[in-house]
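Working notes for the structure below.
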Amino acid sequence: MSSLAAVREGYERFDPRAYLQNNYVPPRADFSSEDCVVPWKLRCLAETFASGEIRGRTLIDVGSGPTIYQLLSACDHFEEIVATDYLAVNREELQRWARGEPGTFDWSPFIQHVCKIEGRGEPWQEKERRLRGRLRRILPIDVHRPDPLGSPLRPPADALLSAFCLEAVSPDRATFARALGHVGSLLRPGGHAVLLGALGESFYLAGAARLPVVPLAEDDVRGALAGAGFVLRRFCSYAMPPALRTGVDDVDGVFFAHAQKPMEA
């Protein structure tokens, strides 16, 4: 069995609810401290989209998982958001949230926090309504195929967002770099890519699933972006403090990257 096949097999046991519980409730989602990892991620996203430079018709979110927090600041700047995931259980979780079904994960603290840091005085329910309205497609994706969606995105996306996906489904750095190139093909020339991901992580837990992760250093991410033809615009990182090392993974830190695909000559 190839390493990539082993990764795919592991994800058959992925439990979306366990993953959310491990990562998106306290202590990691503690909104009382800006130094906590989840507020740090939300601030990086809010600051990047606040510039107004990243905007257009379509944003594609690559490997959405069962989460929507990564789309909260982005949704104000696009007419349509296309969420994607390899796993049907994650796509179903997103569809239930988009329909407003009872019993889905409560993202309201995240939405309230984003509204607070964006500082526009917007009721959080309005942002929630807008994101639901713009989340128009939830599609299957396989980032290891040269054409990840099975057919080209028409028109190509104006921006690409991906959070904690590529390193978590790649058995080695070379596969990570290739996957980044594959998803870059979904983006129009001149389009922007916004990435969040894990540094120095070798595994994470999601219920019965123990999923391998390729441990990345900052230079690995920078090199993969350059190799995929992107121009790096911003890069920053977060060191996971001891209090947030809860045993559900062995992550050392988180990176945030904003890069741009050059215009064609």
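Any Cβ shown, glycine's included, is placed from N, Cα and C.
Annotations in TrEMBL come from automatic prediction, not curation.
For Tyr19, Tyr24, Gly63, Ser64, Tyr69, Asp85, Asn90, Asp142, Val143, the entry in TrEMBL reads S-adenosyl-L-methionine binding site. If you take the C-beta of Asn90 (S-adenosyl-L-methionine binding site) and look for same-chain residues 6 or more apart in sequence within under 8 angstroms, you find Phe14, Pro16, Ser64, Gly65, Pro66.
In the structure shown, the C-beta of Tyr19 has more C-beta neighbours within 10 angstroms than that of any other entry among the binding-site residues Tyr19, Tyr69. Sequence-distant contacts (6 or more apart, same chain, Cβ under 8 Å) of Val143 (S-adenosyl-L-methionine binding site) comprise Val62, Gly63, Tyr86, Cys165, Leu166, Val169, Ala179, His182, Val183. Using a 10 Å radius centred on the Cβ of Gly63 (S-adenosyl-L-methionine binding site) and all shown protein chains, the other Cβ atoms total 24.
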